[in-house]
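Asks: What Swiss-Prot shows for this protein is this:
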ACT_SITE  Asp13  active site, proton acceptor
ACT_SITE  His41  active site, proton donor
BINDING   12-18, 40-42, Arg305, 331-333, 410-412  GTP binding site
BINDING   Asp13, Gly40  Mg(2+) binding site
BINDING   Asp13, Glu14, Gly15, Lys16, Asn38, Ala39, Gly40, His41, Thr129, Arg143, Gln224, Thr239, Arg303  IMP binding site
BINDING   Val299, Thr300, Thr301, Gly302, Arg303, Ile304, Arg305  substrate binding site
Amino acid sequence: MSNIVIVGAQWGDEGKGKIADTLAEKSDLVVRYQGGNNAGHTLVVNGKKTFLHLIPSGVLHKHTKCVIGHGVVVDPIALDTEITRLQDTGIEISANNLFVSESCTVITSYHKLLDAVRENSTTEKIGTTGKGIGPAYEDKVSRKGIKFKHLFDKDVLRSRLALSLAEKETLFKDLYKVEYPSLEEEFERLYTLGQKLKQYSADTFSIIDQAVSTGKNVVYEGAQGVLLDIDYGTYPFVTSSNTSVAGVYSGATTAGHNLDHVIGITKAYTTRVGEGPFPTELFDDTGLFIQKKGGEIGVTTGRIRRCGWLDLPLLKYSAKCSNLTSIALTKVDVLSDLDTLKICIGYKYEGKEIFCAYPGIDLYKVEPILVDMEPFSLDEVVTKENMPSALKTYLRTIENHIGIPISSLAYGPSREQILFFEDYFKKG
């Protein structure tokens with residue numbers, strides 16, 4: 001058995017879904033442990049794209065069970081829509097293969113409205129997706145949240161909804177001056193959805209614990225990336241959950257169980273959606289080339305992603321934050337045939353050269369130390385034997401700086417276009 005964690009090692013959008021989908025073929029359980037439908041995973045199978053936001057990437061494998069852990073915030077409307085959309089394409093989703101923690105915090109219309117009006121009312125944009133993620137986590141922490149299991153009990157749901165609305169009502173009326181659904185409207189909407197989704201509600205704590213205890217293969221699928229972590233990320237331009245490996249322990253069930261692999265998913269370059277510092281960002285034709293060739297448009301937001309060179313000081317920082325055991329490098333093909341190729345090995349900051357970022361660093365004030373790398377061209381199928389020497393040098397540069405190995409290499413959109421250097425399911 002293996003317990004494998006997939007963590008985004010950058011600002012999200014690294015290709016976690018593709019790696020999770022590939023590993024799901026040998027997995028008994030794939031578990032989402034944090035975030036919500038602000039995540040966006042694109043899977044390409046036989047040339048067909050499948051977009052996922054809440055449901056784990058194991059859904060394309062009939063033998064694999066999918067779990068949404070208690071650390072996830074769930075929008076019932078989004079969940080119902082995603083289930084229906086996938087079922088309409090012939091993907092099997094039932095109470096036999098999808099399990100939603102009864103303890104998940106629910107996203108309401110009030111959370112989404114509050115998210116939107118806050119973002120639109122400030123001059124300092126965070127770049128929120130507007131999905132209500134942050135406000136839902138706020139209610140969770142302040143003990144005003146609605147749990148998934150509350151959707152099925154009329155009295156409890158109405159009581160919890162009234163508690164959640166009490167403060168927001170004042171904000172909507174007096175501060176933001178916006179219309180909002182009445183308590184009864186929202187109650188009816190949520191209760192109706194709850195009856196439809198009740199079949200998926202489960203004690204996921206026990207499901208995961210049982211799987212691990214009996215030697216099953218479990219993959220924990222993260223959303224976003226370490227650099228968006230509420231504690232480790234580029235605050236305040238972060239999400240509202242622990243996107244690092246810490247989120248596995250708080251948002252799923254691994255207490256008393258060892259993690260065999262913590263894989264940091266990393267693009268061969270760097271991207272970021274929304275606001276925030278980006279030391280290696282490219283503003284020239286090369287950046288535009290990478291954006292177009294890489295199809296760098298957010299699945300969830302539709303926003304164009306900012307692009308830049310691979311940032312090793314930030315990658316090393318992510319590796320330390322999540323105790324990564326290896327790197328899965330994705331989208332290497334996007335860098336193929338570039339005339340110029342660079343990589344950031346360090347920063348000049350406050351009169352010093354540093355080679356690993358840290359929480360207190362002001363990334364707006366760093367000057368990236370860029371080194372030229374030899375460009376390379378890739379064949380349609382990449383093997384260890386035909387891999388260009390320039391690419392091998394690029395990989396060694398990453399490994400030497402980060403201090404951990406690259407365990408897989410993705411060089412195209414389909415699940416077949418991955419070269420594995422390590423068997424994650426082999427012990428020892």
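A Cβ is built for glycine as well, from the same backbone N, Cα and C atoms used for every other residue.
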Asks: Starting from each candidate's C-beta and looking 10 angstroms out, tell me which of the binding-site residues Ile304, Val332 has the most other C-beta atoms.
Replies: Val332
Asks: Once the DSSP letters are reduced so that anything not helix or strand counts as coil, what is Thr42 (GTP binding site)?
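Replies: Reduced to three states, the DSSP call for Thr42 (GTP binding site) is strand.
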Asks: Fewest other CB within 10 angstroms, which one of the binding-site residues Thr129, Gln224?
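Replies: Among the binding-site residues Thr129, Gln224, the sparsest Cβ neighbourhood within 10 Å belongs to Thr129.
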Asks: Looking at the binding-site residues listed here (Lys18, Gly40, Gln224), whose Cα lies nearest to that of Gly302 (substrate binding site)?
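Replies: Comparing Cα positions, the candidate nearest Gly302 (substrate binding site) turns out to be Gly40.
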Asks: Tell me, how many other CB atoms lie within 10 A of the CB of Tyr411 (GTP binding site), whichever protein chain they belong to?
Replies: 23
Asks: Using only the residues recorded as binding IMP (Asp13, Glu14, Gly15, Lys16, Asn38, Ala39, Gly40, His41, Thr129, Arg143, Gln224, Thr239, Arg303), report the maximum Cα-Cα distance in Å, whole number please.
Replies: 34
Asks: Let me know the DSSP-derived helix, strand or coil state of Thr129 (IMP binding site), please.
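Replies: DSSP call for Thr129 (IMP binding site): coil, neither helix nor strand.
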Asks: Spatially, which candidate from the binding-site residues Asn38, Thr129, Arg305, Val332 is nearest to the residue listed as 'active site, proton acceptor', comparing Cα atoms?
Replies: Arg305
Asks: Does DSSP put Lys18 (GTP binding site) in a helix, in a strand, or in coil?
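Replies: Note: Lys18 (GTP binding site) is helical by DSSP.
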Asks: Out of Lys18, His41, Arg303, Arg305, which of the recorded positions has the smallest number of neighbouring Cβ atoms within 10 Å?
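Replies: Fewest other Cβ atoms within 10 Å, among the recorded positions Lys18, His41, Arg303, Arg305, is found for Arg303.
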Asks: May I ask you to report the DSSP-based helix, strand or coil state of Val332 (GTP binding site)?
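Replies: Where Val332 (GTP binding site) sits, the three-state DSSP reduction gives helix.
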Asks: Please list residues from the chain of Gly12 (GTP binding site) whose Cβ is under 8 angstroms from its Cβ, counting only those at least six apart in sequence.
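Replies: For Gly12 (GTP binding site), the qualifying residues are Ala39, Ala223, Gln224, Gly225, Leu228, Thr243, Val273.
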Asks: Just give me the nearest neighbour of Ile304 (substrate binding site) among the binding-site residues Gly15, Gly40, Tyr411, Cα to Cα.
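Replies: Answer for the nearest of the binding-site residues: Gly40.
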Asks: Find, among the binding-site residues listed as Asn38, Thr42, the one whose Cβ has the highest number of other Cβ atoms within 10 Å in the structure shown.
Replies: Asn38
